[in-house]
């Protein structure tokens, strides 16, 4: 039995040690949760780093970092990590005194981990910052700055950190133990003080939550005491406490502390009734209403006073109907509240009431001198001279083109908004009295709103330049535009298409580019009215080419056709390459006999009749990488069978060619003995009604397949600059040397026509896309104009 207990105890200690060891912020220092100490062990850097006990977030100490002169404005912490493991990093931080304000402290430039983004420390109160990261190094580094290098150079910028934990994601699922021995002391009629014994946790307790009758009423950052206020006298309450740790795990609730507040003598009067108002006033009566008073025990009723004398009470009702008044007479009403022991509140606000005069059928006089001033594109200010009435004017009605747009309760001015620019309006005003009598209309004030002034676009951005160009990115910068009101932003265009905007910055980082590709960048400026500047100068950029160590695949399906006594035609299927195939090398019996710059055919000449040859082909790319050899195609040339043309047979009506073995090799020469391996060689002109050419290669419909690698126009342009002719089309020198194959040339020309068709389709799509973008820009400009009108109208 003892051995079993010892084994369980050992296992428990190993588990506890492993759980605590999960926190990689292991050194004993002022910011440690489990190993707090009056040191800064583990934290280093160029700033002045020290332990501080003036205001820790939890425990007795925090770490204080103060910038010093000479770029001393940072501190670092490195921890041992497993590459590829997710970690949760929690740091409590707050700003201290800042000598230079422009740049706030920040967590920035963390290394050895992904998933992190720069986070500014903006609060002067303790705030928890949580980062979910993945280790890309076995020793990641956390870095905290007092500001940028410019602001950090000023000595005195201060940052505090505390309660740092670095845990593998999901590793800490163990909650703290429940707080114990919760007791209440010093209970009064309105408050009590709670105390309890601290919880424990496998990593560390970060705070406590206090509950009153099951509802949270506050938290502490580690303190084990809490002062409860705002309770009611002679009332019972049940209090509990839970603990929490850095991972958000919450403990079970503590024991319940039951508290009953004390009873106290009630000497406290109710608060004064508020918002006393009168409505429905007639010649002899009025209705009063008010907002309820509050009391520490409870309000039992209200007393209504007329000119300081009580005229009635209510037992809780918040309204009172006053009767028996005299017409056309002024009265002052107030209300007080009382409680069960007779405490009386201060008086409410005073409401002054004048009763109506019986049978008032006389309207007020017309308002006069109506005028408009301060007219803008969307608003104007009206003012007029007051009307008179036998009893009294109660308000005015303002009319726009004969339709009421608002009233005043006596004011002699009115601000008209929501007008349309450059539009005419006619305004009039009428007066009314308490009996509902309406005056004649005032004079008419004719107003025409102003026209919006800003139609002037900004100047074009200038000096657009690109720098820091890589294989996939470049940095653009330009000189600012000017505007009669002010430039609000810039639009960056890549090959004429918008790729982003700035709200005033004069730089833009372009990403996602393709290596070894040319781009044209321009920039336009815009102002608040939506006016767009002319485009800037064009910055032409060609991205870099990445180092290429990958060879093309081997050419395939190498075949020979049209073999004669001295020639043969080779063709093969194209290789593929991670960047691009630049040419092919043709080998005869293992020795190179020629190259192509992309053509998939090669005409071999200079062979010997009736001889066997072995041909292979390799592919190469721009980096000089060479593919494996293609399959081998074996070729045997034919023998000669030409009949010499001599005077011995020149006058014969027929020639017995068969007797001379003309068809032994099936080659015929007319006017020449050099057939160059062709079936028929003619030294002179040939007249024929129609000649059919048998195709020796694929017809170029493959151009329209999805797998066809259509060269870019930049690649076509570069090939023309380098070679002086189109890709896969023989040069003038090659034609002069070898002639042309009619069938092959027609196929190549059709291939170029089909490629040209694809380029035309691509350009049409780009044009349609630009037209759609222009429509969107136009709609956006119209919406901006509408928004400007609404904004100016509201102002």
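Heads up, the Cβ atoms here are built off N, Cα and C, so glycines get one too.
Positions annotated as signal peptide by TrEMBL: 1-21. Positions annotated as domain 'Fibronectin type-III' by TrEMBL: 178-264, 272-358, 366-452, 460-546, 554-640. TrEMBL lists 249-274 with the feature region 'Disordered'. Residues or ranges marked as compositional bias 'Polar residues' in TrEMBL: 251-269. The annotation coiled coil is assigned in TrEMBL to 753-790.
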Surrounding residues of the coiled coil (753-790) on its own chain - C-beta under 8 Å, 6+ positions past either end: 377-378, 420-421, 452, 496-498, 528-530, 532, 700-701, 703-704, 710-711, 713
Mind checking which residues reach the compositional bias 'Polar residues' (251-269)? Cβ under 8 Å, same chain, six or more beyond either end. 175-184, 187-192, 194, 196, 199, 211, 231-244, 295-297, 337, 339-341, 343-346
Taken over the domain 'Fibronectin type-III' (178-264), the model's mean pLDDT: 90
Taking DSSP helix as H, G and I and strand as E and B, the compositional bias 'Polar residues' (251-269) has 0 helix, 4 strand, 15 coil
Taking DSSP H, G, I as helix and E, B as strand, the domain 'Fibronectin type-III' (272-358) contains 0 helix, 45 strand, 42 coil
